[in-house]
Amino acid sequence: MMPDSPIALHLDLQVATQAEQLPSQEEFESWVRLALGNVMPEAEMTIRLVDEAESQQLNHTYRGKDKPTNVLSFPFESPPEVELPLLGDLVICVPVVEQEAEIQGKSLTAHWAHMVVHGCLHLLGYDHIIDSEAEEMESLETQLIESLGFPNPYKEQ
């Protein structure tokens, strides 16, 4: 499921929290490219890595849930006549990702890859509110994550 030709990607990686072990800019870019596949010839997006307080505040403001969450996606919606390659923003909570990886028995790298792919699919319009859409999204996520050599992210370890 790798793109035939690499997309022109501008990724603004913002690290707004302290962490001992984060993926590299190159890893984030490779996971974004994988998720975008051949959908867009070029894309601009931001990935912001945050602490629990910022995640909780954003989750409360935009989703009405007063707790931190692993990944929030904010798609960029431009008027139809404006052709910009702006995909949107992902906000990923570092402590939540680290805790989930440990609890679920996954490697931290595999879980980071999953969160980036999951968030990018949301930016592309995929959702998991309706069961049929959730199945389609999870199937695509699983294919992409397994193509990296990681196990199915939804399978119990």
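Just so you know, glycine gets a Cβ as well, placed from its N, Cα and C.
Of the listed candidates (HIS60, HIS128), Swiss-Prot assigns HIS128 to the same Zn(2+) site as HIS118, HIS122. In this structure, of the binding-site residues HIS118, HIS122, HIS128, the smallest number of CB atoms within 10 A of the CB marks HIS128. DSSP gives HIS128 (Zn(2+) binding site) a coil state; it is part of no helix or strand.
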